[in-house]
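Undergrad: I am attaching a structure below and will ask some questions about it afterwards.
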Number of protein chains: 4
Amino acid sequence: MTQIKNIGLFTSGGDAPGMNAAIRAVVRTAIYYDIAVTGIRRGYDGMTKGDFIPMNRKSVSNIIQRGGTILKTARCDNFRTPEGRKQAYDQLKKHNVDALVAIGGDGTFTGAKVFGSEYDIPVIGLPGTIDNDLMGTDFTIGYDTAINTVVEAVDKIRDTAESHDRLFIVEVMGRDSGLIALRTGIAAGAEAILIPESKGGMEGLFNRLEHGRKDKTSRIVIVAEGEEAGGAFEVGRLVQEKFPHYDTRISILGHIQRGGAPSCMDRVLASRVGAAAVEALRDGHRNEMIGIIHNEIAYTPFEHAIKHHIEINPNLLKLVEILSM
Amino acid sequence: MTQIKNIGLFTSGGDAPGMNAAIRAVVRTAIYYDIAVTGIRRGYDGMTKGDFIPMNRKSVSNIIQRGGTILKTARCDNFRTPEGRKQAYDQLKKHNVDALVAIGGDGTFTGAKVFGSEYDIPVIGLPGTIDNDLMGTDFTIGYDTAINTVVEAVDKIRDTAESHDRLFIVEVMGRDSGLIALRTGIAAGAEAILIPESKGGMEGLFNRLEHGRKDKTSRIVIVAEGEEAGGAFEVGRLVQEKFPHYDTRISILGHIQRGGAPSCMDRVLASRVGAAAVEALRDGHRNEMIGIIHNEIAYTPFEHAIKHHIEINPNLLKLVEILSM
Amino acid sequence: MTQIKNIGLFTSGGDAPGMNAAIRAVVRTAIYYDIAVTGIRRGYDGMTKGDFIPMNRKSVSNIIQRGGTILKTARCDNFRTPEGRKQAYDQLKKHNVDALVAIGGDGTFTGAKVFGSEYDIPVIGLPGTIDNDLMGTDFTIGYDTAINTVVEAVDKIRDTAESHDRLFIVEVMGRDSGLIALRTGIAAGAEAILIPESKGGMEGLFNRLEHGRKDKTSRIVIVAEGEEAGGAFEVGRLVQEKFPHYDTRISILGHIQRGGAPSCMDRVLASRVGAAAVEALRDGHRNEMIGIIHNEIAYTPFEHAIKHHIEINPNLLKLVEILSM
Amino acid sequence: MTQIKNIGLFTSGGDAPGMNAAIRAVVRTAIYYDIAVTGIRRGYDGMTKGDFIPMNRKSVSNIIQRGGTILKTARCDNFRTPEGRKQAYDQLKKHNVDALVAIGGDGTFTGAKVFGSEYDIPVIGLPGTIDNDLMGTDFTIGYDTAINTVVEAVDKIRDTAESHDRLFIVEVMGRDSGLIALRTGIAAGAEAILIPESKGGMEGLFNRLEHGRKDKTSRIVIVAEGEEAGGAFEVGRLVQEKFPHYDTRISILGHIQRGGAPSCMDRVLASRVGAAAVEALRDGHRNEMIGIIHNEIAYTPFEHAIKHHIEINPNLLKLVEILSM
């Protein structure tokens, strides 16, 4: 059992629904084990500047249902430099912080990995990102909420698509990953899904539009930001050029995908890994991300967690095609 | 009492939540008075082509909660020509339709007004548009749902704005009207609202950003599509140019504003005016739009309904300024 | 212009969505006019005990979207006694509070009326209750949100009713008032609505079930808590007794009706009357409730506001019958 | 490859969100493989009566987002008798149905198992129930939606609990299973969770209320229908008796838990197993339920699927205790 006395807790990178539930779990579990928690505001930026606040049970009352992060988040170029990390370390020492819990995505863990190798402060990471693009966990905190938000938005768009016999190109988040697009595309009954991991999506779409069911008058296409053709505007332009008789419209869902009250599953995931983070630090774990794989707590070294060559199940792409016919 | 035997019912223009509730009300009320209802699909386009379907009680079962319009809607340039209107008239005669109920906005009523002056078929209009830009009714069908959709979306965006200390420029619908922007801006706690009806909004915004509260780190600006500067992208560009230290982001809410299950108030409004439309035809009304003013059914000739110089209450703009300080 | 320097602000009675938006509006508007605001926690109870907190701009940041009331609310029998009111007055004097804004319903205003007649402290009331049962305002703060919550819940119940061919008796709030039942009944496409203001509802319902459309296999009945027969359980029992072949189910919506993020309209209403309350105090108003009638700020003496013989529009009851056929 | 030409498809037991998505997936996948689909209305009842409808691609258009089941569901005592099953078989033969896909829960599969052992018609089951109480799948169709509905409802109740300093006893579905209570209890930040699988819950709750944090003024307790003490009313009575100073309230969420638009995950699950059901029949599977375990399609004989001694993870009950302190 490692003697941890004061956990520094922060969120970093893009905010994700459920981060507050994770914060609550870390704080309450730490207190349960008689460990103090120091909130670090605005991620690495606040760490280098000593923007610290003590946290108690009440600090995390009534936040489990809130989107965003009460600890705020920010970019920090300074932390990428050895000097920045030195400043951070000095601040942590000054405030007697002897362990860290970092909630975020691959950028967060990249920083944590370097910091953990340079300084003797154990760091545990929690997967907080809507993108679901981390190894070492079936789902990341925020993903389930984000895909529900997308599906609710597309349900609204479908009302209009149906009423006007339109083809809608809907862009969802995912610069490097099609995981949001894939599940939401299935759930939205999309005609086609264009994602970064899969080439030739445009031809497939053209093929569908050319040879598909003629009595189908409205269609939804889900496009991940980072797909080959360059996003919804470009896809829309190409479709309109080739199929001018379609009444094509574009919708970029944008930032609404990051916010909102977290779903039940996101809160459960966040609560479980938040509690496990404290226990992991007590058990001597360090430089690992805590996730849930097959309903069990899983520990993954940062360098593996951030590799994220998440494979797209080709059966699911095929499924989209079959089901939208 | 005019002897109406068969009402032709259609939706036209942009779809709006609550149109189906209005369709249900017209159909059921007509049947109650022993009047047949002929559904005309895709608005004036279907009217010219004879795309007609008989409607009974069951045709409108379980639709009160659905967004969009089961009768579909479409543009129709043909109806703007005398020939097109003649075709429409011939189709109506052929199917023994002796009165019309048109659900839509100013474009719909402009067509109805011309048609009603050329042919002896009484037409009653129902205000179905999310824009709330018609005279003769306190609210249009769809407006209440649309502003709730906007506010829910901005609530999500605020989670991110707060977490990242960002300034968000959120664009809502309203090419000629700031009515969606105005109420949603108040409800979203916006810093500023830019609308077509009000000049000098940018300077006001700049002033706020320059002299406003320094401890306020996140801000929401609501921008109507048709505002002076040219929409959210242009506003964002101008803000970023002048205030590069703000972390400015853009969000275009787009088509999600048109869909979704209608709010309670929209369903009640649609149900009331839908029933009143049938009674108005029986009572000999024609070429009028039915709305609700001060909780009472109101009848407004088409030419007045579509004038829509809806005035923006300046107190409400002032209110936004005071409350966001 | 009356010189008000320090407004005591409290919520009282049942909580309602939009109370926080009203609190925000009072605080920010007061500060705009250089008036201090003292938050009084837990209504009259906190007033008698001196549970006061100073409020500034930041105290009301990011609360416009939250249900409930950050000032909390409570019952207070003590305030009904002259001694209790004397204690309250002494506490207000001690803290230099020279005016009050009370957000609540008829119980709140009854207390305010007595207090305002005994002591020289001007009181302004804001209509905060989901029941909509106050004179002097078209709508009370919270009503619009509550009816949307009911309608969303009944939409879910309808899925089951339709799938199982069931008759659902759904009980909504309203001990003395059928206003929630009336609008939600129309919006839910209810078969019948039973409300305290209308006698003979059960016979009407029996009549519908006996002679109504035979091909209609699922039905929703909306019942206000305070209706004649005694609520949903009793109505269900009577229906089941008389129509054993119906598969009848009961649902009591209960407390979910009080909570949730306020609707756009509730936030706008709360913001407007909140700001107007401060201006009214400055203009010398006292012992009045501020509402909105026909889109204009309206001032109603407390004794009139709480009379609440709100009449139910008989046309709307008739409408339910016609539209559900 | 088995030559299946006509699949009979039905839903049975309590309806669950996502059943329509599963229906759509079965129909479209069957058509993809040139197999006809015959919809059987109202489960086994319709099967014995020959209430059959042919289904094509369009029959399942625009239903993926709808709660309930378009094929309806019903109880059928007749099917429990050999005569009833004989009638069902005769109807299937008459309509050339040579395979069945049954969407439902343990009652459904119990019937399917018996039928499948008596007659030579292969049956494949899909797990459609909000209770998540089937072996052979990580989640059942409808569970994810139901727990989100519960959590949204409790979020609303928490607004009132916080505002009034109340203790709420909230009853959720689960006559034999605490799985809905468990996850929603964690996600709602509940004080305690009372479930059928765990004894001594009341003493634990009493202990919490007696020795728990004194500055915590509002509390949520989640109670499964089937827990030891007898449900929320009884739990509430016992709490009130022992802790009369708590302001205790009861809320029975009831039937809203069954309805609503399915969540993204429920639609994906339903789509995947729906497609897999058709492929399983083609591959010669019979008398098995198709689920997803660890993100892979899994096949479980009916007799194993319905055993449902789902174990409750004791760590999760402990987690509730730690996190609500």
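Just so it is clear, glycine is given a Cβ too, placed from its N, Cα and C backbone atoms.
The annotation domain 'Phosphofructokinase' is assigned in TrEMBL to A:6-281. Per TrEMBL, the feature ATP binding site maps to A:G14, A:R75, A:C76, A:G105, A:D106, A:G107, A:T108. Under the heading ADP binding site, TrEMBL lists A:R24, A:A25, A:V26, A:V27, A:R28, A:R158, A:G189, A:A190, A:E191, A:K216, A:T217, A:S218. Per TrEMBL, the feature Mg(2+) binding site maps to A:D106. Positions annotated as substrate binding site by TrEMBL: A:T129, A:I130, A:D131, A:R166, A:M173, A:G174, A:R175, A:E225, A:R249, A:H255, A:I256, A:Q257, A:R258. Taken from TrEMBL, the feature active site, proton acceptor covers A:D131.
Mind running through what each feature is packed against?
TA: A:C76 (ATP binding site) falls outside any helix or strand according to DSSP and counts as coil.
A C-beta separation below 8 Å, combined with a sequence spacing of at least six in one chain, links A:V26 (ADP binding site) to A:I7, A:L9, A:V37, A:V101, A:L126, A:G274, A:A275, A:A277, A:V278.
Other C-beta atoms found within 10 angstroms of the C-beta of A:D106 (ATP binding site) number 22, with every protein chain shown included.
In the structure as shown, the Cβ atom of A:I256 (substrate binding site) sits within 10 Å of 24 other Cβ atoms.
Sequence-distant contacts (6 or more apart, same chain, Cβ under 8 Å) of A:D131 (substrate binding site) comprise A:G105, A:T140, A:Y143, A:M173, A:G174, A:D176, A:S177, A:L179, A:I180.
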Undergrad: Return only the integer: C-alpha distance in Å from A:R175 (substrate binding site) to A:G14 (ATP binding site).
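TA: The separation of the Cα atoms works out to 13 Å.
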Undergrad: Which one is closest to A:R24 (ADP binding site) in space, judged by CA to CA distance, out of the binding-site residues A:C76, A:T129, A:R249, A:I256, A:R258?
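TA: When the Cα distances are compared, A:T129 comes out closest.
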Undergrad: Would you work out the biggest C-alpha to C-alpha distance among A:T129, A:I130, A:D131, A:R166, A:M173, A:G174, A:R175, A:E225, A:R249, A:H255, A:I256, A:Q257, A:R258, the residues that bind substrate according to the record, and give it in angstrom as a whole number?
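TA: Site span for substrate, by Cα atoms: 33 Å.
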Undergrad: Quick one: pull the CA-CA distance for A:R28 (ADP binding site) versus A:T129 (substrate binding site), whole Å only.
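TA: With the alpha carbons as reference points, the distance is 22 Å.
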Undergrad: Out of A:R28, A:C76, A:G105, A:R175, A:E191, A:R249, which binding-site residues come under 8 Å of chain B, measuring Cβ to Cβ?
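TA: The answer, in sequence order, is A:R249.
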Undergrad: Under 8 Å Cβ-Cβ to chain D, which of the binding-site residues A:G14, A:R24, A:R28, A:G105, A:G189?
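TA: Checking chain D against the binding-site residues, the residues within range (Cβ-Cβ under 8 Å) are A:R24, A:R28, A:G189.
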Undergrad: At a 10 A cut-off on CB-CB distances, which of the binding-site residues A:T108, A:T129, A:T217 has the highest count?
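TA: Of the binding-site residues A:T108, A:T129, A:T217, the most buried by Cβ count within 10 Å is A:T108.
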Undergrad: Spatially speaking, which of the binding-site residues A:G189, A:E191, A:T217, A:R249, A:I256 is closest to A:R75 (ATP binding site)? Use C-alpha to C-alpha, please.
TA: A:I256
Undergrad: Of A:D106, A:G107, A:T108, A:G189, A:T217, which is closest to A:R249 (substrate binding site) if I measure between C-alpha atoms? They're all binding-site residues.
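TA: Checking each of A:D106, A:G107, A:T108, A:G189, A:T217 against A:R249 (substrate binding site), the shortest Cα distance is to A:T217.
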Undergrad: Return the single residue from the binding-site residues list (A:R28, A:R75, A:R175, A:R249, A:R258) that has the minimum number of other CB atoms within 10 Å.
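TA: Checked A:R28, A:R75, A:R175, A:R249, A:R258; of these binding-site residues, fewest Cβ neighbours within 10 Å: A:R175.
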